[in-house]
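J.: Following this message is one structure expressed as structure tokens.
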């Protein structure tokens with residue numbers, strides 16, 4: 001069916017230059033780490049005649065790595081105003097400018113003998129990822145039909161995982177992982193940007209944005225016809241017009257206004273809890289441990305990069321699986337199951353690490369835990385978290401909600417990245433205790449307070465939360481049973 005093809009192609013065009021870049025840019029920096037540090041030292045030696053001390057090189061490298069989440073935080077903050085003023089599609093297209101600047105900086109850094117260009121390049125790459133992580137799920141969820149909304153918005157997580165795996169593959173020695181190739185490896189993120197700039201202009205803007213934000217009914221109907229084909233649009237249009245009437249006379253809200261608005265209290269608490277948990281659950285730290293655990297399991301040093309690709313592939317497989325089942329299983333069970341399993345695997349992982357040297361088969365158990373933990377994260381939290389702000393906020397609050405979500409996500413990524421080495425140092429084998437606490441608390445929150453959003457219109461979801469926000473009954477009134485549940489995790 002042609003209309004399905006248009007929707008699928010829209011998803012691909014938005015994804016390749018969107019969240020794909022987030023995953024890709026996280027993983028391409030790992031392969032050339034030692035080469036870039038050598039380049040920093042050589043450059044400094046040429047400039048001053050004095051080599052850098054090892055702790056200064058480490059400090060410069062940590063600045064380079066932390067420039068990415070700092071850029072992401074900046075991107076998350078500008079994404080809201082961009083989505084309101086320029087529209088969802090135009091924001092995604094303009095966002096590629098940041099990657100083109102970043103690729104130029106890193107591509108020419110060796111020629112210019114400047115490691116500062118690499119730091120600046122990582123900052124701009126972060127800005128691009130920050131914008132796309134907020135706007136892509138919003139654009140896709142607003143363009144999708146109600147029954148496919150979860151699956152379509154969740155493709156953002158699949159593109160992130162795909163980017164992660166391709167970044168690991170391109171960073172192999174056989175491709176761009178050799179010492180002489182690292183500027184090309186860092187600049188290779190310009191390719192997805194050029195693909196998006198070529199493809200996305202052919203597809204329609206978000207129909208909801210056109211009708212509710214712009215008040216342009218003609219363009220909205222035209223966009224809907226492109227996305228849905230000739231099928232009857234009256235019911236969907238009626239639902240959008242009802243939502244337009246509900247927010248009539250309102251302007252797009254600022255993030256601080258959400259905190260002051262009592263009618264958005266539970267929606268806000270939900271996205272704050274889930275966005276924070278997504279980075280504080282320790283999934284990214286598993287990648288930190290992967291190489292060490294695989295080495296202990298007896299895998300030869302030169303084969304480890306190939307096994308690490310397996311961990312990225314795990315996340316890709318589960319996010320695609322989650323994509324297929326989210327509109328059948330619902331958001332809440334996937335989130336709840338994901339965090340419960342992660343809590344269980346965290347305990348097994350800590351036990352396995354503590355017995356690593358005593359029992360011969362323990363490294364294999366640690367290895368299994370790494371894969372199981374990443375699989376549990378991919379099946380629920382990884383994808384559902386990103387869908388949630390679109391579903392639980394109305395059109396006027398949505399960009400501000402994504403700004404809050406994105407800011408939390410990047411701040412916590414920076415926090416975990418900075419704190420994790422110190423946690424490992426102080427807690428040794430029990431370094432997963434903080435992550436275990438986060439997983440248990442999040443599972444409890446989802447179990448007791450989060451309603452289901454599967455198959456409901458945006459207005460029905462708003463009504464659902466209105467009941468909670470203005471309820472004066474006892475706490476036992478919150479849990480309504482499995483028929484109304486909501487969940488999303490990035």
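Placement of Cβ uses the backbone N, Cα and C atoms for every residue, glycine included.
All annotation found in TrEMBL is predicted automatically rather than curated by experts.
Given the structure is predicted, the values throughout are model-derived calculations rather than measurements.
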J.: State the residue range annotated as transmembrane segment by TrEMBL; the candidates are 151-170, 211-230.
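T.: Among 151-170, 211-230, the range TrEMBL annotates as transmembrane segment is 151-170.
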J.: Quick check on the annotations: TrEMBL lists transmembrane segment for one of 29-49, 92-112. Which range is it?
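T.: Comparing 29-49, 92-112 with TrEMBL, transmembrane segment matches 92-112.
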J.: TrEMBL tags one of 312-332, 333-353 as transmembrane segment - which one?
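T.: Matching range for transmembrane segment: 333-353.
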J.: What average pLDDT is reported by the model for the domain 'Major facilitator superfamily (MFS) profile' (11-454)?
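T.: 89, rounded to a whole number.
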J.: Considering only Cβ pairs within less than 8 angstroms, which of the stretches 118-139, 151-170, 365-388 has the most against the transmembrane segment (56-80)?
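T.: Stretch with the highest Cβ contact count: 118-139.
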J.: For the transmembrane segment (365-388), which partner among 7-24, 151-170, 400-424 gives the most CB pairs under 8 Å?
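T.: Result: 151-170.
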J.: Where among 92-112, 118-139, 333-353 do we find the most Cβ pairs under 8 Å to the transmembrane segment (182-203)?
T.: 92-112
J.: Counting Cβ pairs closer than 8 Å, which of 151-170, 333-353, 430-450 has the most of them with the transmembrane segment (118-139)?
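T.: Stretch with maximum Cβ contacts: 151-170.
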J.: Are the transmembrane segment (151-170) and the transmembrane segment (7-24) close, by which I mean at least 3 Cβ pairs under 8 Å that are 6+ residues apart in sequence?
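T.: Counting Cβ pairs under 8 Å (6 or more apart in sequence), the transmembrane segment (151-170) reaches the transmembrane segment (7-24), since there are 3 or more.
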J.: Give residue numbers and ranges for long-range contacts of the transmembrane segment (400-424): same chain, 6 or more residues beyond its ends, CB-CB under 8 A.
T.: 65-66, 69-70, 72-73, 75-77, 79-80, 83, 126, 130, 133-135, 137-138, 252-255, 257-258, 267-268, 271-272, 275-276, 278-280, 282, 284-285, 288, 389, 392-393, 431, 434, 490
